[in-house]
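Novice: First the structure, then my questions, so here it is.
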Amino acid sequence: METPQMNAIQEEDNLSPEVAFQTPKLNDSDASSFSLSNMNAVGNVDGIPSQNRTFFASPRPSSLFYSAKEGNNSSSSIIYNPSFTFGENASSNANINEAALMKGKGNEGRRQSLKYIPAPKLVPPPPRTRSPVRGISPDAGSSKRSSMTLDSPFNFTTSTLQPHQQTPPSSAASRTSFRKGHRYKHSSVSMNFFQEPEVKIPLNIAKSLPIPDFNDLLSNLPWPKAYIQLSIAALQIFACLITFQVGHLYSWSNFITLSHFITYDIIGSLVIIFVENLSQFQVWFTGTITFPFGLNRIDVLLSFALAVSLCFVGLDLLFHIIEEFIVLFVESGSSLTNNHDHDEINEQIPHSHIANANDSQNENITLWYSILMINLVLSTLSLYKTFYANKYSNLKTKNPIITITYTAYLFIYPLLLDLLSSISDYLATLVISSLILWHGLTIARWTSTVLLMGFSTTSLSNSALFNNNDSTDTTAHTQQVESKAAKEKPSVRPRSMSSLPIATKNTKIRKTGFLNSAGFTENPTTIKNMIKDQIERLSEFKSRYILNYDDIVISKVNFTLYVVLIKITMKGGSDDDELMLRLAIDKCIQTSIPTCETTIDIDRI
């Protein structure tokens, strides 16, 4: 018994699904060969080939046909019988099979050979790659993609986490994967329990600025003002040396005293030139961490030093007068003293500034007045070209005034030798020393207040604060005068020749004298009370707000800048009320105290 050979299906991957599943028709030659082979295999009763019919080839599906079931793409897993066909004419196939069965009734072995015997299940060939690759047609891929789009309600996309990404994500959606915790930040569940902190703008303050050196100062001298001032100072140096040498040569102690005064004039002139040149640089006005108020406090420090040194000069002259009185007291107690002993005692007194009348002054009267005239001219030029030319001259020492005063006294000194030879020098020295002490102490007192960052009211004489106070006093005085006149006289309407109202003349009565009211208005306590009253009269300042006297701190840090610190206790109110109150207080203080920096601390309860 011969078993028919089973032919494996050959894959035709190049065919489309429509072509693969269509039953092709055979040609006449193919059909005859196909029918003869079948008849030979099955057997004909008469042994005569049957009539040629149109046969349909068995369909050969492509690899997609096998891949549609459980992912098996092996063609060796299914074996078909060539006699088994299906197609359009099912009845013809049935007749052929029926005839074959009837022909083989007598032969049992042949009948058994017609049965379909499945071959043993072959092991699929090992894949070429580790993972099987499934071929997907474009239609199947598009249908699968569309079904996935319709079935999945969420659009999840593949994202790659990069924890070391330097730049933050550009959108809020991309930051969802980086959010830590579940804080209900953007949800109504939070109920504003987690408020964002206030964004504080960093202070734009430099740590330090370059400080100019000596070469920078020389290269930035303003022309021609600084050169004129330096020329006058150089001439004063030569005049001081000449005056000192002439005083030692002719024993004129008055000239030695004059040379000391000229020396202080030179120092003051150089300080003013240095300060004006240094003020051209940025570090002078700009505050840094190293110098919070800049370098302009150097001007205050130098003014204080000159004022203190001037006070020492006045004390030196005063002590010499006391020493001379002690010498006279000793001479008057001894009966044996004479003029020669007085000269010996006078020479033992160091730095004696009391002059002796001698004949050399009368002999060299031309030299005397020539040196005095040169010093007088140079001191006057220094006063007007250097000291008064400075912006803050009224707040600094004016040493040339003392030099000019003493030089004027020396002009008339030779004329007083005959009349007041015994007491002229004592009186002149006492007056000059008193003037120096008064001027030096006045400057030193208020410059020390500025150095200690206290409240100095010297430069507030022309402030609008005093003008407002004066206008208030004038209005109150006018009301008092009108009320007193109304009590004394009956109310009669004044006659007017025109339709315009009669103007009221406001007269201001101020006390004049040595102790006037102007000195009282410059008291820091009075000014702070005036500022406190102005703040409390503001419309934004409510009755439930509290402002104490001790909560107002005013400091003067240099010749121009004031710093005002205010603390207010605010009961109730909103953020808008707080903002409006800050703006109103700042405007009020800027009107009262110009060039000030205001810091307002509001404590809300």
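Cβ coordinates come from backbone N, Cα and C, glycine included.
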Novice: On the question of membrane sidedness, does Swiss-Prot record Trp446 and Glu331 within identically named topological domains?
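Specialist: Checking Swiss-Prot: the two residues are separated by the membrane.
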Novice: If you check Swiss-Prot for phosphoserine, which of Ser16, Ser152 comes up?
Specialist: Ser16
Novice: For the feature phosphoserine in Swiss-Prot, which residue out of Ser131, Ser137 does the record point to?
Specialist: Ser131
Novice: Between Ser35, Ser190, Ser498, which does Swiss-Prot record as phosphoserine?
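Specialist: In Swiss-Prot, Ser498 carries the phosphoserine label; others show none in the record.
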Novice: Mind checking which residues reach the transmembrane segment (400-420)? Cβ under 8 Å, same chain, six or more beyond either end.
Specialist: 254, 257-258, 261-262, 264-265, 268, 310, 355, 357, 361-362, 365, 368-369, 372, 375-376, 379-380, 382-383, 387, 427-428, 432, 435-436, 439
Novice: Cβ under 8 Å to the transmembrane segment (255-275), counting only same-chain residues 6 or more beyond its ends: which ones?
Specialist: 217, 226, 229-230, 232-233, 236-237, 239-241, 243-244, 246-248, 298-299, 302, 306, 309-310, 313, 317, 353, 371, 375, 378-379, 382, 386-387, 390, 396-397, 399-400, 402-403, 406-407, 410
Novice: Taking residues 6+ outside the transmembrane segment (423-443), which of them lie with a CB under 8 Å of any CB in it?
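Specialist: 254, 303-304, 306-311, 313-315, 317-318, 320-321, 324, 353-355, 395-398, 401-402, 405-406, 409, 413, 416-417.
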Novice: Could you tell me what the rest of the chain brings near the topological domain 'Lumenal' (385-399), counting residues at least six beyond its ends with Cβ under 8 Å?
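Specialist: Contacts of the topological domain 'Lumenal' (385-399) (Cβ under 8 Å, skipping residues fewer than 6 from its ends): 225, 228-229, 232-233, 261, 264-265, 267-269, 272-273, 275-276, 299, 303, 306-307, 310, 439-440, 443, 446-447, 458-459, 559.
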Novice: What does the DSSP secondary structure composition of the topological domain 'Cytoplasmic' (567-605) look like, as residue counts for helix, strand and coil?
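Specialist: Taking the topological domain 'Cytoplasmic' (567-605) as a whole: 18 helix, 13 strand, 8 coil.
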Novice: Which sequence positions outside the transmembrane segment (546-566), separated from its termini by at least 6 residues, show Cβ-Cβ distances below 8 Å to it?
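Specialist: Apart from its flanks, the transmembrane segment (546-566) reaches 293-294, 296-297, 299-300, 392, 395, 449-450, 453-456, 459, 524, 527-529, 531-532, 535-536, 585, 589, 593, 595-601.
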